[in-house]
Amino acid sequence: MGILFTRIWRLFNHQEHKVIIVGLDNAGKTTILYQFSMNEVVHTSPTIGSNVEEIVVNNTRFLMWDIGGQESLRSSWNTYYTNTEFVIVVVDSTDRERISVTREELYKMLAHEDLRKAGLLIFANKQDVKECMTVAEISQFLKLTSIKDHQWHIQACCALTGEGLCQGLEWMMSRLKIR
């Protein structure tokens, strides 16, 4: 009886899962958001504040907040943390000069109380560009293996083509099934 109830509950459970998409300016956050929501590339300009879209994957609803990444906006990221289940960090794989800034922002975020249970998905974006950092390099620069308090996954992607994005969503879906 309990198993039947659980299966029926899953059919009708329309719980929304809050996701924030962060990263430095020009990393590709907004492009990824609109690839998820419209499955196409849209012309974007720097995000001032945030964009929000609901994405439905296999009857699972994600409310995705794309938050501006300019230096002047990063201090306000924490206002979006409440009830966040997943953090997507978008890394510009061509931006070797600012990978250390990305690392600083990442660890600042992970230390925040409101994100202590959040899963972490890192999109290594712009993998289509020659001479970009590999997933292994980014993982090493960000010291991802030192993250013990959060489930995390790093995924190579290209926001312009959508390559790798579905695999990231699949990882998030797999984390929800475990809960």
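One is the number of the first residue shown, and numbering goes on along the chain from there.
Including glycine, each Cβ sits where the backbone N, Cα and C put it.
The GTP binding site annotation in Swiss-Prot covers 23-30, 66-70, 125-128, A159. Per Swiss-Prot, N-myristoyl glycine is recorded for G2, and the stated evidence type is sequence analysis.
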Sequence-distant neighbours of N26 (GTP binding site) in its chain (C-beta under 8 A, six or more apart): P46, G69, D92, D95
Counting Cβ atoms within 10 Å of each Cβ, the densest environment among the binding-site residues G23, K29, I67, Q70, Q127 belongs to K29
Please classify the secondary structure at Q127 (GTP binding site) using three-state DSSP. coil
May I ask you to report the DSSP-based helix, strand or coil state of K29 (GTP binding site)? helix
Tell me the coarse DSSP state (helix, strand, coil) of I67 (GTP binding site). strand
